[in-house]
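Student: Structure below; questions to follow.
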Amino acid sequence: MKLVLPNTIDRIRQPEYTGENRCIPCTSVNVVIAAVLSLGAGLLFVPLGVVVFAASLLSIYLRGYLVPGTPTLTKRYFPDWALAKFDKAPEDTTESFGVNADVFETANDGNGSDGTDGGRSLETDGGRRIETDGGKPVATDDSSSEDLPDFDDLDAEELFLEHGVVEPTAEDDDLQLTADVREVWRERMADRRDGDRVDQLASFFDVDAADLELSHHDKTTAVNVLYEGRLAGKWESDAAILADLAAADILGEWLPGWESYPLQPKSAVVSGLRAFAETCPDCEGKIELEEEIVESCCRTHEVYAVTCNDCEARLLEISRMQGKKPRPTK
């Protein structure tokens, strides 16, 4: 009996609409609707109004909304400036694609109550701890601090160019993968393709696979990765996950101190390599760059989308607000 309530709550809870992904405008609209419904019920019977309001707030807390289709109401009645202020879509992605490293943080074991030690702090890379001093990475294991880039101002493209991951094209008007990276990356994707994605992600995050859950309709649709019930990451498709996992495996051959990268910048770097993909990681079909309009809860965004023509898997989405356009395949 003790497990019934938690299991019921887990079935009701929708992490994609709550927590870090909660839409403030939609939540506000739902609270107003809940208040109106409760007021009406309270006019008939005061205790009933209290019950309706409490149940409504619980639904909003667990599911992110009370009334299905709230984004439509929000887009219609909220001014655009208000939506822009609270919009959850970041500047460089359209639906918060990427990893939320905060989900994996554990209790700090430094000397101070705030997890600091002599002015230094500890950040986590999955279960691995990375020392930082004033926001700058500190040398750990076999790496030196000079090997590591400034994680607060990280440009994956510049990093790749500096360390021979990419090179100018023959026309010198664009960048492309170097031959060695192209071959090794493709081989590693083939090696991982038929593996257990949960186990592979657990290894990448350095957590127990039993605590991870993948939520998606099929291999071509967006994938939510949950860690202990919380949204820990979101990818455009299984193919995008495959590309990132393979990239994480090989980039240590080119990027100094790669094993000491914290999870968040490491995730940004491997996803940056996807912009240089030349074929689909899953089926090796031809990929194509398109410009599309997609919705991010309450607003619409123009995006650059890289999609496989054969299996229709979405490999990459980048908002036009970011200003960087993925490379079309030649």
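Cβ atoms here come from the backbone N, Cα and C positions, even for glycine.
Copied straight from TrEMBL:
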type	residues	note
COMPBIAS	120-134	compositional bias 'Basic and acidic residues'
DOMAIN	9-88	domain 'DUF8054'
DOMAIN	155-274	domain 'DUF8054'
DOMAIN	278-317	domain 'DUF8054'
REGION	104-149	region 'Disordered'
TRANSMEM	31-58	transmembrane segment
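Quick one: where do these features end up spatially?
Tutor: If you take every residue in the domain 'DUF8054' (9-88) and average the pLDDT, you get 79.
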Student: Which numbers of helix, strand and coil residues does DSSP report for the domain 'DUF8054' (155-274)?
Tutor: 64 helix, 21 strand, 35 coil
